[in-house]
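In Swiss-Prot this protein carries:
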| type | residues | note |
| --- | --- | --- |
| BINDING | 414, 445, 727 | Mo-molybdopterin binding site |
C-alpha cells in the first residue's frame, strides 16, 4: 500500500504494510523521539505524536491511518543546534534525567502552551496524564511550564529554580545545565536502540510457563529449519559456565548459581530457548515451533514456605566452594540432584541451599541480655514488604556486533566494567577483545546493575558472527528483570520509660527468588542502613535470605534500606505510643548525632568484614528535623472533616556513598591543544548527572569554564576502570577520582606554566578562565599545551586519579507526611510530603532536587499502589504498566517539596555526598505513621490499600 502524509511539514510517500505499527514506522524513518516503552499499549506516552492536531500514541495507530494525515513529532521543535522554548526550559529547570521520554514531554507541553497561554495545574495534569516518568518525580514540570510561560513574554525571564551553595567555590553548588540534557530532549541518537544497524538479527526468548519445573524434552529442530532463523540457543549448546547476574566487584559475594540456560526452571519466565532470527516476526514464529515437555514441580512462593521442613528445594544441585567450604559440604552434596549442573560459592556467605538459604549472616555488639534486662518496656513486632518493580522507561536492551575479532557491546548498563568481565569469561575471550560502550541509559534504578540479557546477546554474536539486538518487552521486565526483594523483618526493642533505647534486635528475612544475585548484600543493608540511625550499646541482627520461585529479585534503589528503615521506624513509633511519647520526640532522643561512632557498622560488612568502625562525620539531622517540624506544622491541630481524618508522620533516613575497602574508581584528564580538557571517566552516568558532576569538579580544580570540559564515560576502551553506578557511589568515588586527576594535572600545568613565565612554581597559580598567573604575567592553558606538543616540548599533559577509601560518607534526611484517611471507604489521600536531605555540598542543586523528587515519588508508589501479584501456581498477574500501579502526575501529593540541607563532609569532593538513592528510604514509614496518627491503626505490611485500612478498622 502506498500512503501519502505530511511529517513535520514535509510531504511523504511510502510503500507500507497497511497494518504496520506507526511507532515502528516513524522510528525507522529516523524519528527517534517516537519510542516504545510499554509493548504498544500507549500507557507510557514515549511514543507521543501530534496526529491531525491531537496528541496521540503512535503505537495505537496503523500505517493505513496515516493517509492524508498531518504528523508532527518532537523533531519539529527547535532546530538541530537550537532548543525550542520548552526544551530550553526543561534543560534549565533540570527535569531531564534519563531523558528517554523527555522529547515526548516537550511535544506535549508545547502543544499545551499552543492551546492555553497560561494553563492551570489541573490543565497541566490533564495534558501530561498520558506520560509515564519514572525518574523526574513530576514536581519540576510545573516549573518548566512556569518558566516557558514567562519567557513567552520575556525571553530573558528567570524563575527561582534551586538555591545555590558554597560562595567560596566557582561552579560547585551553582546552577549549570546537565551536559547531556540538550541532546536527550531533542531526541538525538544516544540510546542503544539508536545504534542498531539495519542488518541486525533479533533475539526472542522462549520462557517457562511454570514457576518450578524440569525440562524433560526439548526439540528445536523445526525452529532451526524455519527460513530466516540463524541460531537457537538452549542448555544443550550454551557455555557450561556458572555465574551470578549481579554486577558486583569480584569475587562476587553472591552464589554463582546460574547457567546461561539450564534444565531446571525456577520461575515463570525462566529461559528455555533463545531464537536468533533475521526479523522479530520470524523469531516469534520460530518460538511457536519449539517443542518442550516439563515435569512440573511444586513451587515455593514465600519465606514461610521456603523455611518449611518439607519445602521443595529450589537449588538442589551440588555446591562447589572456591574457598572456605563447610565441613558438611560432602554430606550435603551426597543428597544433591545429579543433572550435570552445580553452583559455585566464592567464599562463605552463610549459604545452605538444601534448606533454601541463599545467604545468611549474624552479628552483634554489647550484651543483649543486659540490654533487655535494663529495659522498662519491651516490644516486638514483625513487618512485611512486598515485591516491587523498577519500571525503567527504557526496557533492558543490548546490541552486539563484531569489529574484526573484537566483540562490541552497546549496552544500557550501570556497570560496564563488571559487564565486560562477566561476558568475556562466558564467551571465552580476553577482556581486551571485548569493548563495552555504555550508551545513555533510559532509567536503571538498580535493575541495570544486573546482567540479564547482555551475555545471551554477546554469545549469539560470537556464535553467528552477526550483529544482534536483544530487547526486553515490558512483560519481560516484570517476569525476567530483577525486582525488589520481599522481606519479613522482626524488630525487638527495649527502652527506658523516657524512650531511650537499651537494646535493639533485628531479624531480617528476605526472599531472593530463584537466583541469589545480591542475596547477601541487599538484605545486609537492611540493618546496616537503619540500625545506625539509632545508636545503641546493645544491638543484635540476623540476616537470612531464602530461595523461592517468585520472579527474580536483585538490586533496586535503596538496596535493602527501605525495608529495614520501615521496620525500625515503625517499631520505634509503636514504642512511643506505648510510652505516650510523641513520635518526633522519641526520634530526637535516640537519633544519631554528628561525630557519633556507629558501632554496629563494625559488625556488618558488605561482602567482607569491616576494617574499622565508622562515625557520622557529617550529619545535618538536627537542622533537617527543625525545618521539617516547622514546615509540616507538626504540633498544630489536625482538623477532621466528616469521615476524613488527618494525620502526620515522619521517618529519618540514611544511605552510604559507595562501598569503602571494596570498590574503586579511576579517571584520566587530557589537556588539549587549545587549552580545553577531555575527561576519560570510568563512571557510568545513568541519568543521575554524574558526567555533569565530573565536569564541574574538573572545572573547579582547573579554574576553567565548565564549557571547556568534555567527559567521555563508561566506555571500556576509552576510560579507566570504575566499579559502576551503584551503592550511591558516583559523586564520592567517580567524582573523587576526577578531582584527583584534575589535581594531578593542575600540578603539571603549574610546573610548565611557571617555567614558561620564568618564575618559581610557588609564585604562580591557576586562575579563571584557564590561565597560569604569576608575578610577571600570565600564560594560557592553550599556550602551555601548544608548547608541550612542539618538537622541543615536554609532551601532552595528562592527569590521572585513582580513588579508594576506608571511610564512609553518609547522607541523612527526613520525610514528613500528612495524610487524610477516609474511615468509611479506606481511601488514603497523601496531601503533603516533604523530603529534606543532607547530601553535603550539592554539586548540582537543580539536578539534586530532581533526584529527590524522582526517588521520593517512586517510594510513594511503593507505599501506596505498587506490588507484583501472583496466583497460587506462581504465575505473576502483574505484567504491564497499566495494571502495576506506578504513579503518574495525577498521583503526586498536592504539596510536594524537596529541600537541600547542606553539611560539609570530609570524604566527598568539596564536601559532597550522594543524593540519588536515599530518597526512596523513608516514604513508607512516614506515611504509615501518619495513617496511625489519623485513625489509630498500625499497618505493618506495605503497600497500603483501602482494604488494609478497613480490615485494621475492623470494618471488613
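Heads up, the Cβ atoms here are built off N, Cα and C, so glycines get one too.
Residues 414, 445, 727 are the ones the record ties to Mo-molybdopterin, and the longest Cα gap between any two of them is 11 Å. All protein chains considered, the CB of residue 727 (Mo-molybdopterin binding site) has 26 other CB atoms within 10 Å. Listed in sequence order, the residues 444, 446, 448, 449, 555, 557, 559, 686, 724, 725, 726, 917 complete the 8 Å Cβ shell around the Mo-molybdopterin site centroid, once 414, 445, 727 themselves are left out. Within its own chain, residue 445 (Mo-molybdopterin binding site) has 134, 135, 390, 391, 392, 556, 557, 858 as residues 6 or more apart in sequence whose C-beta sits under 8 angstroms from its own. Mapped onto three states, the DSSP output places residue 727 (Mo-molybdopterin binding site) in coil.
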